[in-house]
Every structure is written in structure tokens, then in C-alpha cells.
Amino acid sequence: MMDRKQCIVKLFVQPSRGLVDEKFIILVQKAPPGYQLTVHALHKCEDGHSWEAFGHYISNAIGTVNVSEDPSLGGTYSGVEQMGLLWSLRPVPGSKPGLRLRKMNVQIPMEVTISVYQGHQTEGFMDQVPLASVVVERWYMAPGVSRIPITEDGLTATLFLPPGPGPFPGLLDLWGGGGQLVEYRASLLASHGIASLALDYLTPKITMETRKMVDLQYFEKAYKILEQHPQVHGSSIGMLGLSLGTSITLKMAAYSEVMKLRCAVCISGSHVQPVDGSMEDILKHFNKNADRTRVSEENEFIWRDLLLPVPSDLAFKVDMGRLKCPLLVVVGEDDQNWPASESAMDMKEMMEQAGNSHLLTVLSYPNAGHLIEPPYTPHARASLFRSMATREKMMALWGGETAAHSLAQEDAWRKLLVFLRENLYSGTNPGTPSLSHL
Amino acid sequence: MIVTLRLSTMSPPTSPILSVQPTRGLVDEKLKVVVESLPPGSPVTLHSLHHSEDEDYWEAFGHYVSDFRGMVSVSEDLSFGGTYTGKEDMGLLWSMRPVPGSRKGLRLRKMNVCSPMLHNISVYSGHVSEGFREQTPLTSVLVERWYMAPGVKRIDIMEKGVRGTLFIPPGPGPFPGLLDMWGGGGGLIEYRSALLASHGYVSLAMDYFNSQELESADLEFKYFETAFNIIKEHPQVIPDRVGMFGLSLGSLVTMHVAAESTIVKPRCCICVSGSHFYPRDRTIKEVIMEPRSNSHRLRIDENNHHVWRDMWIHLLDDPSKKVDVGKINCPILLVNGKDDQNVPADECAEDIALLMNAAGNGHLLSRVLYPDTGHLIEPPYSPHFRASNFKAAGVATKTVMLLWGGQTKPHSDAQEDAWRKILSFLQHNLYSSTPPRAKL
């Protein structure tokens, strides 16, 4: 067995401080040649749970392992996976079931400890001393991004502004049925130059105090905040929704007189909803078919059938023919929570019939589940979810197979950024000279 | 005068897209600065602005022309003017200088290493050379530059009379160690130690000027030996892998300890911009005072800058006034600038080589001598100043403008090259494994 004292393995991770959607390079050097090594990642999340991932490697003839080029022979991921140490993170053995990794405080980074262990280990990492270890920071916010809490007009929201003079394009960012004010995607989009407003529309202060759900004007007020902001280009505002957020996004894009959306992105959602309904009506509609809930062998709740079959009655789905702006629809084909695939197909048909299907782009990912998050977010096939209907915490099955789901997250994000940039910025336009260098 | 018009239109913003990678990097990492979505063939200025801890503003800028895809890439395109010209991927950092109207004789040094240096990188329309504050850039980003990698621990040391700061890399260790010593300006300068720890070395930055213990040469010598041993005895340090790193006066101390100590055996030494003039049995303070007794050799140039390099040259002929480098028995790297106006580094390096060859230990010596490079050879991309205000530590003298030397571009190239050579020297001497055991 190698004497630890003589084995001064060097571990190098670049960048040591990166944005969460940036790739990193992990190099192990100065190991003996042909040596078995385990590269391990450990993260303690805000809730105090520990998450880990690891890959098994063999050093080459000069004692080097390069995670971006060498295959992992086993562990929580296998094959050549540059970012496997992040996307395959899972709760350490003994953790409570149903956990999901989400960053709530975006002003400080995620800290991940990357270590190298001797041999091909699968457990007991905490009881061993690694050969080397470094700390890596993963940020949801680029330097200079401002975080501005918004409480006017009864809103519970946070605005993230990119650094620089602006003006910037704007975006309304909506999450799903879990509620809360979730900021991380908006802060990441601001780090890419888009002034983004994360909006809490299920559990905002006003609902907590009055026990009443918000009305549709709530969303229009949020839009106005963006439109009127001196650093936002008022005619360049988009909307992004995931899950229930998709329902709102489509409703606004098709029916709002106030919102003039430049483009919309809908992830893991559906256009099925009572067309003239309020927030309450929309939620009640989903619960009407609660008896169609299925339960998996592991006692996980499958809710995708509640909205199936997609109705032909136009009173119960958004009239997609009314859309006037480009729409990007992202679906996971293994989504067990919403019938996103079936809905996407119906949306396409409706738009083809209406003659506006040139506005639609559908990204459909095999074996991806419901929670299509920013890249390298650990995949949760199921997790505890507080149902809005019953107020109980239940184990929801989201679906997806980890490797395929992670690939989908990476690809969808790249395409989403290109879509937003193309539609919210005018891009190069050589025919129209800029006046600024007169 | 350039006027920027902003029309409000119904079309989306046409502002260019600036991306700088990494947005949070270590100070010795290269930046990739790319501007896209510019009108093709259009003149722009890339500008960097830094607000120092001393409340001064430093700036650098380069004049570019976008290509016909509307792009500027600082690592690939030429700067046509500004504070740097040519293909310079890091020009926005190393060519920084105080903005017009600043106080004179400034030097940029980061004292708090737990926070990053912040740089505003902006794109301005046209080729601008002044009045940046009065104009609105087209776009800008904020970049952090860190001396400390995440996970590096910073520990105040007040032990056995030694005052300093210890930086420990993340991980279980054990690690090689370094005693890090600065020059005659004194104070506790931590940034190089923090950076060395970020590269895997336990580093002790020492404050060796204001202590009462340094009243005699003998006590002073013991102080350095004690400091060395603090590193050596640290549970996370490999005891036979501790080196010494000095700049200017710190180099002198390094050579002296390496030559004379019977207790301390550095594994290797790095001496930047140092001389080996050490009147035996005198303290550091007395060495600093030496210029005053040789004030007839002090030159003041046409800009009123004090030039010290010639004050020591006469010592070359007197062996009793030099460190006995023949006794050094570890690898030693000398890094010097040919235009060093503070210390005759060139002549000293030559003399050290002669003495070591004569003593039979010349094979331990490596030297690099950079043309048009001055005295302050700092970590890469640090701005260059040919002269700056200086007040000798612990000595009741007034502040003078000392001439350090060097021309900005060659000096900056030297800093970059020297750092690479220093890191590889340290890696080779402190990290290379001992011959592997036979496999069982």
C-alpha cells in the first residue's frame, strides 16, 4: 500500500469560483501511474444535509487524471462526464428520503469540496483522509449583479439587475406549485445580462395575510414594474415559467392586454386550464380529477393523469392561435408530474391550425423528468412536495433517469439562453448604423 | 469630443454583449475578454477601472476595431492605442495607472486578502483616451480578482515573538512550506503568501521590522530561525520541504540564513531583486541605515527620484561585507531585473555566481535576468510603477520617491514569466516525490 507521506497528489479545479452553469476542469496530478483513484464531491446544503458524488478513475502513465477527458469506471456516474461530480450529487447514505437541492440564498455561493481518495471507494468517505482536497465555489450571481427586493403594489418579488448602465431586456421568472420566492434562476439570468424578476405568486405576503390567492392583475403589476424600470428596455420583456408557471405564462401571453411579451419560455407545463379562470379556478381544475392520481411501487405520487386527456373543449385550454410572440416549449418525455409531452403536441397542432406555428419551438428530451433546472443541478426523480390542495407533504414522482435528465438540463439551458438573447436583443444589424459613434 | 446619443426606439436594445471569463479568478489567472454584437468594423475602447483600498482610481484602456462579425477578442485582436498596444490579453490589468489628477508616487498593493480586487471592465464607443467618467459606457461587467483561493485558511501568528500571518491550503496536507519575506518598506504584506497557499504551499508572511526583539543582529537571526521552525513544526507541513522566498531585503535575509544557519535548512530559496551585501554582525535596521552613511553615493535623478543602486556597488570588493554564499547548500533561484535602480541586482547576481562557482556549489544556482525590468517584480498582471513613495520601515526618515526602474511592457512580461518559473521551481524542489518504493 502506498505510503501517504510519499504520495503528494496535486488536485486542481479550474475555475475555483464559477457560475453554476460554467463547466470546470478537474485535474489530478503526481499520482503514481496506473493508480486507482476516486474523485469525490461533497456539499452541505442550506438545510444542513450532506450530498455527495464520486467517480472511479485510473491515472495514466504520467500519473494524471483529467475528469473532462478520462472515463469514470464507476461511482455515481460513469463514462467521460466533465460535470458528473455535480449533477450526480445525491444525499449521503442515512439521509432522510425525498430531499431536493435548491439554493435559497443566492448572495453566497454553494461550496463544494472536491477530494481525491486512494483506490476505488464507494462508501465511508467521511472516515478516511483524502490524498488531497480543494474547495470550489459555485455562484448563482455574477459580481456586480444587484439584488433588489420588490414589495410595492402588494408584490412579493426580487429583481436582479445585471451590472452596467443598461438598459437591459427584462424577464418575469415563475416557478411552480411549490410556491415560495425562488430566486436562483432569475439571478443566474441576470448574470447573463437579462434584468429578471423572480415572483412569488402562491405564497406571497398578501396571500399569507389575507388567505386569498392573487388575481391575474398581480402578474400584470409585476410586468409593469419591469416595464417602467429606468434600466429595463420596456419593449423587450419576456416571461419564463416552469410547471404551474407555464400555465400563467401562456395565459398572459395569449390573453393579457397589459403584457406585451417579446417572447415566452414554458418548461414542463401545459396549456390545459379553465380559460376564464382565476388562480383558484386553475388549481381547482387540477384537483377535479384527483382520483386519477396513481401511486408508484415506492409510494410516490404520479399526477400526470389529472389533466389527461387533453380536452378538445376550447374553454379548457389556452387558445394558442392568439400567441403573437416566439414561444419555446421544453418538455421531459418521462415527466410523471404533468402531461407536458401530450400538451406540447396539442399546442403544436393548435398553432398549426391557427397558422402561427412558426412561432413555436419544442425541445423534447427522452428520459428527462419534470424538474428541468439550470445545468448541473442534481436530479431528483422524486421528492417531498407540499401539495397546494391538501397542504400535506407528499412524495411526488417527477420522473427522469439521472444521466439523460442532466444532459437535458444542460442542453435546454444553452438553447434557452440563445432563444432569449435572439428574441430580447436585436443582434447584429449591419444595415442600421449605431448613432453612438457620431 | 465624443457625444453618445441614445434614442428610445421600439426595437430591442442594440447594446453589445461583453463577456469576461472568469468573473471571479485568482490574480494570476488569465482573463478572456470578448465583445459581441458590435456594428462591424467599428472603433471601441475597452476600459478597466479599479478603486483601490487607498481610495485612488486606477485605469487601463485599449483601442480596438470590431471585425466583420461584430466581435472584439482581447486575446486575439490588436490594441491600436491606449495604455497598451498590440496583442495583449492581460493589458487591461498590467497597464493600469492612476487616473489623471491622482496623487503622485502611488503603488497598488492589496492589503486585505480576504476580499477580492474589483475591476469594472467597460466598452466605450469610439477610441476614447480621457474623460471616461463623464461618459456612459455601452456595457460593463464587474470582475473579481482574488489572492486567496476558496478554502485557504488565514491564521494570525503571534508565537515565540514572531509576528506574521500563516496561510494554509485546503485539504488534509501535509504540504510543503514557505517563509515569505518582503523588503525594506516593512509592514505585514500578505498577498504573495495567500497566493502561494492557493498554489499548495503553507506560507508564512512575516512582519520583521517593528519588533522589539530585533535590537541586535544575533537576536534578529534567531527571529528568522524561529519563524522558519514555526512553519516546519506545523502539523500540516512536511518538515523537510520548507523553503524561503524573499524580495529585496527579504532576499538578503534569505541568503544570509541559508548560508549561516546551523539550525535551519531551507529546502530551496528564491531571491527576487536582492543583493548579497550584508555587513556581518549588523542588524537589518543598520543595513537600511547604510545608505545614510553613504549619502554621497546617493543619486537624485532629473525627476527628483532617489536612486539607491550605486550606494552598494563598492561593497562588491569587500568579502566581509557580503553573505558567504559559498556556504549555501540548497537550490537557489535568483530573479532580477536589469533595470533595477534600487539594488545593483545584475552585478550582484554575477558576483554570487562567481563566489558559488569558486566554492563548488555553483550547480545549485539558477538565475534569470530580465531586460528593462525594475526592482519590484510582483505577481503577474500587477501594475508597474517606475517610481513610488517610500518610507523605510522603523527608521525616522521622510518619505521619498524611490526609483525602482523598468519599462512597463517588458517589466510586465517579466512578472508573468518570473511567476511561472518561480512556481515551477517550487514545484520541482518542494513537490517532486522522492523515488517511489518498489511495488509490493
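Note that Cβ sites are derived from N, Cα and C of the backbone, with glycine treated the same way.
Keep in mind that TrEMBL annotations are predicted by a computer and have not been checked by a curator.
Predicted, not measured: the structure shown is a model, and the values here were computed from it.
For A:Ser243, A:Asp335, A:His370, the entry in TrEMBL reads active site, charge relay system. Marked as domain 'BAAT/Acyl-CoA thioester hydrolase C-terminal' by TrEMBL: A:214-425.
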A:His370 (active site, charge relay system) to A:Ser243 (active site, charge relay system): how many Å between their Cα atoms?
8
What number of additional C-beta atoms lies within 10 angstroms of the C-beta atom of A:Asp335 (active site, charge relay system)?
27
Quick one: give me the count of other CB atoms within 10 A of the CB of A:His370 (active site, charge relay system).
28
C-alpha of A:Asp335 (active site, charge relay system) to C-alpha of A:Ser243 (active site, charge relay system): distance in Å?
11
A:Ser243 (active site, charge relay system) CB neighbourhood, other CB atoms within 10 A:
24
Compute the average pLDDT of the predicted model within the domain 'BAAT/Acyl-CoA thioester hydrolase C-terminal' (A:214-425).
95
